[in-house]
(Lines of atoms letter the chains of each structure in order from A and count residues from 1; the text may use other names and numbers.)
(Lines give C-alpha, C1' and ligand atoms only; values in the text may rest on other atoms or scores of the structure.)
Protein backbone atom coordinates (compact mmCIF):
# COMPACT_ATOMS: atom_id res chain seq x y z
CA UNK A 1 0.00 0.00 0.00
CA UNK A 2 2.71 2.43 0.95
CA UNK A 3 4.80 1.40 -2.03
CA UNK A 4 1.99 2.02 -4.49
CA UNK A 5 1.11 5.34 -2.94
CA UNK A 6 4.71 6.48 -3.12
CA UNK A 7 4.82 5.58 -6.82
CA UNK A 8 1.65 7.53 -7.45
CA UNK A 9 3.12 10.53 -5.67
CA UNK A 10 6.29 10.30 -7.75
CA UNK A 11 4.27 10.27 -10.98
CA UNK A 12 2.08 13.17 -9.96
CA UNK A 13 3.00 16.55 -11.44
CA UNK A 14 4.96 18.84 -9.15
CA UNK A 15 3.10 22.09 -9.24
CA UNK A 16 5.78 23.81 -7.16
CA UNK A 17 8.15 23.63 -10.16
CA UNK A 18 5.75 25.51 -12.40
CA UNK A 19 7.48 28.48 -14.02
CA UNK A 20 6.15 31.98 -13.50
CA UNK A 21 4.85 33.93 -16.48
CA UNK A 22 7.37 36.30 -18.03
CA UNK A 23 6.39 39.39 -20.01
CA UNK A 24 8.61 40.71 -22.79
CA UNK A 25 8.18 44.22 -24.15
CA UNK A 26 9.42 44.21 -27.72
CA UNK A 27 9.17 41.72 -30.57
CA UNK A 28 12.53 42.38 -32.20
CA UNK A 29 15.23 39.81 -32.86
CA UNK A 30 16.44 39.53 -29.29
CA UNK A 31 12.96 39.64 -27.75
CA UNK A 32 11.79 36.80 -30.00
CA UNK A 33 14.95 34.73 -29.44
CA UNK A 34 14.76 35.16 -25.66
CA UNK A 35 11.06 34.31 -25.62
CA UNK A 36 11.63 31.19 -27.70
CA UNK A 37 14.40 30.05 -25.34
CA UNK A 38 12.20 30.67 -22.30
CA UNK A 39 9.32 28.69 -23.78
CA UNK A 40 11.71 25.79 -24.42
CA UNK A 41 12.66 25.93 -20.74
CA UNK A 42 9.04 25.84 -19.57
CA UNK A 43 8.27 29.52 -19.00
CA UNK A 44 4.89 30.91 -20.12
CA UNK A 45 5.71 33.99 -22.21
CA UNK A 46 3.50 36.92 -23.06
CA UNK A 47 4.63 39.71 -25.38
CA UNK A 48 3.64 43.33 -24.92
CA UNK A 49 3.53 45.09 -28.27
CA UNK A 50 2.01 48.08 -30.01
CA UNK A 51 0.45 45.66 -32.50
CA UNK A 52 -1.41 42.65 -31.08
CA UNK A 53 -1.56 40.85 -34.41
CA UNK A 54 0.16 37.46 -34.31
CA UNK A 55 3.18 37.28 -36.60
CA UNK A 56 4.73 34.04 -37.85
CA UNK A 57 8.01 35.26 -36.35
CA UNK A 58 6.60 35.19 -32.83
CA UNK A 59 7.07 31.86 -31.00
CA UNK A 60 3.87 29.89 -31.55
CA UNK A 61 3.27 29.19 -27.84
CA UNK A 62 3.59 32.85 -26.86
CA UNK A 63 0.72 35.26 -26.36
CA UNK A 64 0.75 38.78 -27.79
CA UNK A 65 -1.15 41.50 -25.93
CA UNK A 66 -1.02 45.22 -25.46
CA UNK A 67 1.63 46.58 -23.11
CA UNK A 68 -0.89 47.16 -20.34
CA UNK A 69 -2.52 43.71 -20.55
CA UNK A 70 0.83 41.92 -20.85
CA UNK A 71 2.31 43.73 -17.83
CA UNK A 72 -0.70 42.80 -15.71
CA UNK A 73 -0.18 39.08 -16.36
CA UNK A 74 3.44 38.84 -15.16
CA UNK A 75 5.60 39.80 -12.19
CA UNK A 76 8.75 39.97 -14.34
CA UNK A 77 8.83 42.31 -17.31
CA UNK A 78 11.81 42.22 -19.70
CA UNK A 79 12.33 45.44 -21.64
CA UNK A 80 13.68 44.40 -25.07
CA UNK A 81 13.51 47.83 -26.70
CA UNK A 82 15.98 50.68 -27.19
CA UNK A 83 16.41 53.47 -24.66
CA UNK A 84 14.95 56.15 -26.94
CA UNK A 85 11.58 54.34 -26.80
CA UNK A 86 11.38 54.10 -22.98
CA UNK A 87 9.10 57.15 -22.58
CA UNK A 88 5.87 55.18 -23.08
CA UNK A 89 6.70 53.23 -19.91
CA UNK A 90 5.79 56.23 -17.75
CA UNK A 91 2.16 55.59 -18.68
CA UNK A 92 2.51 52.13 -17.12
CA UNK A 93 4.17 53.34 -13.92
CA UNK A 94 1.27 52.29 -11.70
CA UNK A 95 1.02 48.81 -13.26
CA UNK A 96 4.80 48.25 -13.06
CA UNK A 97 5.00 49.38 -9.44
CA UNK A 98 6.64 46.67 -7.34
CA UNK A 99 7.34 44.44 -10.35
CA UNK A 100 10.75 43.26 -11.54
CA UNK A 101 11.73 45.19 -14.67
CA UNK A 102 14.74 43.77 -16.52
CA UNK A 103 16.70 46.10 -18.77
CA UNK A 104 18.63 44.24 -21.50
CA UNK A 105 19.54 47.16 -23.76
CA UNK A 106 22.95 48.17 -25.13
CA UNK A 107 24.22 51.41 -26.61
CA UNK A 108 25.97 52.18 -29.89
CA UNK A 109 29.15 53.53 -28.27
CA UNK A 110 30.92 53.57 -24.92
CA UNK A 111 29.46 55.93 -22.29
CA UNK A 112 26.89 57.23 -24.76
CA UNK A 113 24.78 58.75 -21.98
CA UNK A 114 25.69 60.28 -18.60
CA UNK A 115 23.91 57.44 -16.80
CA UNK A 116 23.36 53.82 -17.74
CA UNK A 117 20.18 52.74 -19.49
CA UNK A 118 19.16 50.75 -16.42
CA UNK A 119 19.61 53.75 -14.13
CA UNK A 120 17.59 55.88 -16.56
CA UNK A 121 14.86 53.24 -16.51
CA UNK A 122 14.88 53.29 -12.70
CA UNK A 123 14.38 57.08 -12.81
CA UNK A 124 11.40 56.69 -15.14
CA UNK A 125 9.89 53.93 -12.97
CA UNK A 126 10.79 54.76 -9.34
CA UNK A 127 8.39 52.14 -7.99
CA UNK A 128 9.74 49.27 -10.10
CA UNK A 129 12.57 46.92 -9.11
CA UNK A 130 14.98 47.41 -11.99
CA UNK A 131 17.59 44.77 -12.79
CA UNK A 132 20.22 44.81 -15.54
CA UNK A 133 20.78 41.47 -17.29
CA UNK A 134 21.05 39.57 -20.61
CA UNK A 135 22.80 42.38 -22.50
CA UNK A 136 25.94 40.25 -23.00
CA UNK A 137 24.07 37.44 -24.78
CA UNK A 138 23.33 37.71 -28.51
CA UNK A 139 20.09 36.79 -30.25
CA UNK A 140 22.07 34.52 -32.58
CA UNK A 141 23.53 32.59 -29.63
CA UNK A 142 20.07 32.07 -28.14
CA UNK A 143 18.59 30.93 -31.46
CA UNK A 144 21.43 28.63 -32.52
CA UNK A 145 22.21 27.28 -29.08
CA UNK A 146 25.90 28.24 -29.49
CA UNK A 147 26.22 29.64 -25.99
CA UNK A 148 29.70 28.40 -25.16
CA UNK A 149 31.32 31.76 -25.91
CA UNK A 150 28.62 33.84 -24.20
CA UNK A 151 27.33 31.67 -21.36
CA UNK A 152 28.07 34.19 -18.62
CA UNK A 153 25.33 36.73 -17.87
CA UNK A 154 26.14 39.79 -15.77
CA UNK A 155 23.35 40.80 -13.39
CA UNK A 156 23.11 43.89 -11.20
CA UNK A 157 20.38 45.67 -9.26
CA UNK A 158 19.56 47.30 -5.95
CA UNK A 159 16.88 44.78 -4.93
CA UNK A 160 18.37 41.44 -3.83
CA UNK A 161 15.12 39.49 -4.21
CA UNK A 162 14.58 40.85 -7.73
CA UNK A 163 18.15 39.95 -8.70
CA UNK A 164 17.67 36.43 -7.38
CA UNK A 165 14.50 35.99 -9.45
CA UNK A 166 16.35 37.07 -12.59
CA UNK A 167 19.33 34.85 -11.80
CA UNK A 168 16.97 31.89 -11.40
CA UNK A 169 15.73 32.53 -14.94
CA UNK A 170 19.31 32.78 -16.17
CA UNK A 171 20.15 29.40 -14.64
CA UNK A 172 16.98 27.84 -16.04
CA UNK A 173 18.09 28.91 -19.54
CA UNK A 174 21.38 27.04 -19.10
CA UNK A 175 23.41 30.21 -18.57
CA UNK A 176 25.67 31.28 -15.73
CA UNK A 177 24.64 34.38 -13.76
CA UNK A 178 27.32 36.62 -12.25
CA UNK A 179 26.18 39.11 -9.62
CA UNK A 180 27.97 42.41 -10.29
CA UNK A 181 26.40 44.26 -7.35
CA UNK A 182 24.15 47.30 -7.31
CA UNK A 183 22.67 49.15 -10.27
CA UNK A 184 25.74 51.41 -10.25
CA UNK A 185 27.54 48.59 -12.09
CA UNK A 186 25.12 48.83 -15.03
CA UNK A 187 27.33 51.35 -16.87
CA UNK A 188 30.24 48.91 -16.82
CA UNK A 189 28.02 46.01 -17.89
CA UNK A 190 26.60 48.03 -20.80
CA UNK A 191 30.10 49.01 -21.95
CA UNK A 192 31.31 45.41 -21.92
CA UNK A 193 29.74 44.25 -25.24
CA UNK A 194 31.02 47.41 -26.98
CA UNK A 195 34.66 46.67 -26.21
CA UNK A 196 36.39 45.15 -29.23
CA UNK A 197 39.04 42.73 -27.90
CA UNK A 198 40.04 45.11 -25.06
CA UNK A 199 42.98 42.94 -23.94
CA UNK A 200 44.26 42.55 -27.49
CA UNK A 201 44.78 46.19 -28.45
CA UNK A 202 48.23 46.65 -26.95
CA UNK A 203 49.57 43.24 -28.11
CA UNK A 204 48.23 43.74 -31.64
CA UNK A 205 49.54 47.30 -32.01
CA UNK A 206 52.89 46.29 -30.52
CA UNK A 207 53.12 43.32 -32.88
CA UNK A 208 52.22 45.43 -35.90
CA UNK A 209 54.82 48.04 -34.96
CA UNK A 210 57.58 45.48 -34.41
CA UNK A 211 56.63 43.60 -37.58
CA UNK A 212 56.86 46.77 -39.65
CA UNK A 213 60.23 47.65 -38.08
CA UNK A 214 61.76 44.21 -38.67
CA UNK A 215 60.32 44.02 -42.20
CA UNK A 216 61.86 47.30 -43.30
CA UNK A 217 65.07 46.42 -41.45
CA UNK A 218 65.35 43.21 -43.52
CA UNK A 219 64.31 45.06 -46.66
CA UNK A 220 67.17 47.50 -46.21
CA UNK A 221 69.83 44.85 -45.51
CA UNK A 222 68.70 42.04 -47.83
CA UNK A 223 67.23 43.89 -50.83
CA UNK A 224 68.34 47.53 -50.93
CA UNK A 225 71.96 46.97 -49.82
CA UNK A 226 72.74 44.24 -52.44
CA UNK A 227 71.09 46.33 -55.15
CA UNK A 228 73.16 49.43 -54.34
CA UNK A 229 76.55 47.83 -53.77
CA UNK A 230 76.37 44.57 -55.76
CA UNK A 231 73.75 45.37 -58.44
CA UNK A 232 71.81 42.23 -57.49
CA UNK A 233 68.04 42.29 -57.71
CA UNK A 234 66.68 40.33 -54.75
CA UNK A 235 63.31 42.08 -54.69
CA UNK A 236 61.57 38.68 -54.80
CA UNK A 237 62.77 38.18 -51.21
CA UNK A 238 59.80 40.35 -50.20
CA UNK A 239 57.39 37.48 -50.94
CA UNK A 240 58.86 34.69 -48.82
CA UNK A 241 62.43 35.17 -47.58
CA UNK A 242 61.84 38.34 -45.59
CA UNK A 243 58.56 37.11 -44.02
CA UNK A 244 60.37 33.89 -43.05
CA UNK A 245 62.98 36.00 -41.28
CA UNK A 246 60.52 38.35 -39.64
CA UNK A 247 58.22 35.59 -38.29
CA UNK A 248 60.81 33.76 -36.14
CA UNK A 249 62.24 37.05 -34.93
CA UNK A 250 58.76 38.22 -33.92
CA UNK A 251 57.95 34.88 -32.28
CA UNK A 252 61.10 34.91 -30.15
CA UNK A 253 60.85 38.62 -29.29
CA UNK A 254 57.19 38.39 -28.25
CA UNK A 255 57.86 35.22 -26.26
CA UNK A 256 60.59 37.11 -24.40
CA UNK A 257 58.13 39.97 -23.79
CA UNK A 258 55.71 37.46 -22.22
CA UNK A 259 58.19 36.63 -19.44
CA UNK A 260 59.96 39.99 -19.14
CA UNK A 261 57.25 41.64 -16.96
CA UNK A 262 57.48 38.74 -14.51
CA UNK A 263 61.19 39.28 -13.88
CA UNK A 264 60.65 43.05 -13.72
CA UNK A 265 57.94 42.52 -11.09
CA UNK A 266 60.33 40.34 -9.08
CA UNK A 267 63.03 43.04 -9.21
CA UNK A 268 60.55 45.70 -8.09
CA UNK A 269 59.37 43.56 -5.17
CA UNK A 270 62.96 42.90 -4.09
CA UNK A 271 63.76 46.59 -4.28
CA UNK A 272 60.67 47.64 -2.33
CA UNK A 273 60.81 44.75 0.12
CA UNK A 274 57.05 44.23 0.02
CA UNK A 275 54.30 42.80 -2.16
CA UNK A 276 51.64 45.17 -0.80
CA UNK A 277 52.37 48.07 -3.14
CA UNK A 278 50.86 48.26 -6.59
CA UNK A 279 53.06 47.86 -9.59
CA UNK A 280 53.25 50.81 -12.01
CA UNK A 281 50.21 51.01 -14.30
CA UNK A 282 52.24 50.18 -17.40
CA UNK A 283 53.51 46.99 -15.77
CA UNK A 284 50.03 46.02 -14.57
CA UNK A 285 48.63 46.38 -18.09
CA UNK A 286 51.62 44.55 -19.55
CA UNK A 287 51.14 41.59 -17.19
CA UNK A 288 47.42 41.39 -17.97
CA UNK A 289 48.05 40.93 -21.71
CA UNK A 290 50.81 38.30 -21.50
CA UNK A 291 48.45 35.59 -22.72
CA UNK A 292 47.61 37.57 -25.83
CA UNK A 293 51.29 38.29 -26.51
CA UNK A 294 52.05 34.59 -26.20
CA UNK A 295 49.28 33.56 -28.60
CA UNK A 296 50.44 36.09 -31.19
CA UNK A 297 53.99 34.77 -30.77
CA UNK A 298 52.68 31.24 -31.37
CA UNK A 299 50.97 32.44 -34.55
CA UNK A 300 54.28 33.86 -35.84
CA UNK A 301 56.08 30.63 -34.90
CA UNK A 302 53.48 28.59 -36.80
CA UNK A 303 53.91 30.78 -39.88
CA UNK A 304 57.67 30.32 -39.64
CA UNK A 305 57.21 26.53 -39.57
CA UNK A 306 54.98 26.64 -42.67
CA UNK A 307 57.34 28.99 -44.55
CA UNK A 308 60.28 26.73 -43.73
CA UNK A 309 58.47 23.62 -44.99
CA UNK A 310 57.77 25.19 -48.40
CA UNK A 311 61.27 26.66 -48.82
CA UNK A 312 62.70 23.64 -50.71
CA UNK A 313 60.21 24.07 -53.58
CA UNK A 314 61.18 27.70 -54.19
CA UNK A 315 62.81 28.53 -57.55
CA UNK A 316 65.63 30.42 -55.83
CA UNK A 317 66.53 27.40 -53.67
CA UNK A 318 66.37 25.04 -56.65
CA UNK A 319 68.58 27.39 -58.68
CA UNK A 320 71.13 27.69 -55.89
CA UNK A 321 71.23 23.90 -55.41
CA UNK A 322 71.65 23.20 -59.13
CA UNK A 323 74.34 25.88 -59.37
CA UNK A 324 76.33 24.16 -56.62
CA UNK A 325 75.99 20.77 -58.33
CA UNK A 326 77.04 22.14 -61.74
CA UNK A 327 79.99 23.98 -60.17
CA UNK A 328 81.23 20.76 -58.58
CA UNK A 329 80.77 18.87 -61.86
CA UNK A 330 82.70 21.47 -63.91
CA UNK A 331 85.53 21.50 -61.38
CA UNK A 332 85.43 17.69 -61.15
CA UNK A 333 85.51 18.06 -57.43
CA UNK A 334 83.07 16.95 -54.74
CA UNK A 335 82.86 18.98 -51.58
CA UNK A 336 83.48 16.73 -48.56
CA UNK A 337 80.84 16.55 -45.84
CA UNK A 338 81.47 19.13 -43.15
CA UNK A 339 80.47 17.26 -40.01
CA UNK A 340 80.65 20.45 -37.95
CA UNK A 341 78.05 22.14 -40.14
CA UNK A 342 76.02 18.94 -40.19
CA UNK A 343 75.95 18.92 -36.38
CA UNK A 344 75.00 22.59 -36.29
CA UNK A 345 72.26 22.07 -38.89
CA UNK A 346 70.74 19.05 -37.15
CA UNK A 347 71.01 20.70 -33.73
CA UNK A 348 69.36 23.84 -35.06
CA UNK A 349 66.46 21.84 -36.51
CA UNK A 350 66.09 19.65 -33.41
CA UNK A 351 65.99 22.67 -31.10
CA UNK A 352 63.44 24.35 -33.36
CA UNK A 353 61.18 21.30 -33.43
CA UNK A 354 61.33 20.86 -29.65
CA UNK A 355 60.83 24.56 -29.06
CA UNK A 356 57.79 24.63 -31.34
CA UNK A 357 56.33 21.52 -29.65
CA UNK A 358 56.53 23.08 -26.20
CA UNK A 359 55.29 26.38 -27.62
CA UNK A 360 52.15 24.65 -28.92
CA UNK A 361 51.70 22.86 -25.58
CA UNK A 362 51.87 26.14 -23.66
CA UNK A 363 49.48 27.75 -26.15
CA UNK A 364 46.94 24.94 -25.82
CA UNK A 365 46.85 25.27 -22.02
CA UNK A 366 45.99 28.97 -22.48
CA UNK A 367 42.63 28.02 -23.98
CA UNK A 368 39.80 28.42 -21.43
CA UNK A 369 38.43 24.93 -22.14
CA UNK A 370 41.83 23.44 -21.24
CA UNK A 371 42.88 25.78 -18.43
CA UNK A 372 39.55 25.19 -16.64
CA UNK A 373 40.25 21.45 -16.50
CA UNK A 374 43.60 21.73 -14.69
CA UNK A 375 44.33 22.95 -11.18
CA UNK A 376 46.36 26.06 -10.41
CA UNK A 377 49.61 24.18 -9.76
CA UNK A 378 49.39 22.32 -13.08
CA UNK A 379 48.55 25.50 -14.97
CA UNK A 380 51.44 27.37 -13.33
CA UNK A 381 53.84 24.51 -14.09
CA UNK A 382 52.97 24.56 -17.80
CA UNK A 383 52.85 28.33 -18.18
CA UNK A 384 55.96 29.06 -16.10
CA UNK A 385 58.27 26.04 -16.09
CA UNK A 386 57.50 24.73 -19.56
CA UNK A 387 57.23 28.31 -20.79
CA UNK A 388 60.82 29.00 -19.78
CA UNK A 389 61.88 25.68 -21.36
CA UNK A 390 60.26 26.92 -24.57
CA UNK A 391 62.10 30.23 -24.30
CA UNK A 392 65.45 28.46 -23.70
CA UNK A 393 64.96 26.08 -26.65
CA UNK A 394 63.84 28.87 -28.99
CA UNK A 395 66.76 31.07 -27.98
CA UNK A 396 69.21 28.18 -28.45
CA UNK A 397 67.59 27.48 -31.84
CA UNK A 398 68.32 31.05 -32.93
CA UNK A 399 71.82 31.09 -31.41
CA UNK A 400 72.86 27.93 -33.24
CA UNK A 401 71.45 29.26 -36.51
CA UNK A 402 72.68 32.85 -36.36
CA UNK A 403 75.55 32.71 -33.88
CA UNK A 404 78.12 32.43 -36.67
CA UNK A 405 77.30 35.97 -37.79
CA UNK A 406 78.26 37.63 -34.52
CA UNK A 407 81.98 37.68 -35.38
CA UNK A 408 81.60 37.96 -39.15
CA UNK A 409 82.33 41.50 -40.46
CA UNK A 410 80.31 40.81 -43.62
CA UNK A 411 77.18 40.38 -41.48
CA UNK A 412 77.25 44.04 -40.43
CA UNK A 413 75.89 45.76 -43.52
CA UNK A 414 75.85 49.52 -43.03
CA UNK A 415 77.32 48.69 -39.59
CA UNK A 416 73.96 47.22 -38.60
CA UNK A 417 73.72 43.80 -36.90
CA UNK A 418 71.88 40.93 -38.53
CA UNK A 419 68.20 40.68 -37.64
CA UNK A 420 68.80 37.41 -35.76
CA UNK A 421 71.12 39.26 -33.41
CA UNK A 422 68.34 41.73 -32.62
CA UNK A 423 65.91 38.90 -31.90
CA UNK A 424 68.19 37.61 -29.11
CA UNK A 425 68.24 40.84 -27.10
CA UNK A 426 64.97 40.46 -25.16
CA UNK A 427 65.04 36.68 -24.52
CA UNK A 428 68.70 36.75 -23.44
CA UNK A 429 67.99 39.58 -20.99
CA UNK A 430 65.03 37.63 -19.57
CA UNK A 431 67.01 34.39 -19.22
CA UNK A 432 70.04 36.08 -17.62
CA UNK A 433 67.90 37.93 -15.05
CA UNK A 434 65.84 34.80 -14.37
CA UNK A 435 69.06 32.83 -13.85
CA UNK A 436 70.15 35.38 -11.24
CA UNK A 437 66.73 35.28 -9.55
CA UNK A 438 66.91 31.52 -8.95
CA UNK A 439 70.10 31.85 -6.88
CA UNK A 440 69.23 30.93 -3.25
CA UNK A 441 70.55 34.27 -1.97
CA UNK A 442 67.97 36.03 -4.17
CA UNK A 443 65.20 33.45 -4.34
CA UNK A 444 64.78 33.07 -0.56
CA UNK A 445 64.09 36.75 0.23
CA UNK A 446 61.84 36.99 -2.83
CA UNK A 447 59.84 33.97 -1.65
CA UNK A 448 59.52 35.52 1.85
CA UNK A 449 58.26 38.77 0.35
CA UNK A 450 55.66 36.95 -1.75
CA UNK A 451 54.53 35.10 1.39
CA UNK A 452 53.81 38.41 3.16
CA UNK A 453 57.11 39.41 4.79
CA UNK A 454 57.96 43.12 4.58
CA UNK A 455 61.24 44.88 4.97
CA UNK A 456 59.47 48.08 5.95
CA UNK A 457 55.90 47.49 7.22
CA UNK A 458 54.77 51.08 6.68
CA UNK A 459 54.10 50.26 3.00
CA UNK A 460 51.30 47.89 3.98
CA UNK A 461 49.06 50.81 4.86
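Note that Cβ sites are derived from N, Cα and C of the backbone, with glycine treated the same way.
Because TrEMBL annotations are produced automatically, they should be read as predictions rather than curated entries.
Taking TrEMBL as the reference, the stretch among 180-202, 249-271 described by the feature transmembrane segment is residues 249-271. Looking at 292-313, 314-335, the stretch flagged in TrEMBL as transmembrane segment turns out to be 292-313. By the Cβ criterion (under 8 Å, sequence separation of 6 or more), the transmembrane segment (419-442) is not in contact with the transmembrane segment (348-367), since fewer than 3 such pairs are found. Only residues 6 or more beyond the boundaries of the transmembrane segment (348-367), in the same chain, are considered here, and those with a CB under 8 A from a CB of the stretch are 251, 255, 291, 294-295, 297-298, 301, 305, 374, 379, 382-383, 386-387, 389-390, 393-394, 396-397, 400-401. Counting residues 6+ beyond its ends, the transmembrane segment (204-229) has Cβ neighbours under 8 Å at 197, 235, 237-238, 241-243, 245-246, 249-250, 253-254, 257, 292-293, 296, 413-414, 416, 418-419, 422 in the same chain. Remote same-chain residues near the transmembrane segment (388-407) are listed as 248, 251-252, 255-256, 259, 301, 344, 347-348, 351-352, 354-355, 358-359, 362, 418, 420-421, 423-424, 427-428, 430-431, 434 (criterion: CB distance under 8 Å, separation of at least six residues from the stretch ends). Among residues of the same chain six or more beyond the transmembrane segment (249-271), those with a C-beta under 8 A of the stretch's C-beta atoms are 203, 206-207, 210-211, 214, 279, 283, 286-287, 290, 293-294, 296-298, 300-301, 304, 359, 387-388, 390-391, 394-395, 398, 419-420, 422-424, 426-427, 429-430, 433-434, 437, 442, 445-446, 449-450. Non-local neighbours of the transmembrane segment (292-313) in the same chain are 199-200, 203-204, 206-207, 240, 243-244, 247-248, 250-255, 257-258, 356, 359-360, 362-363, 366, 387, 394; each lies 6+ residues outside the stretch with a CB under 8 Å from one of its CB atoms.
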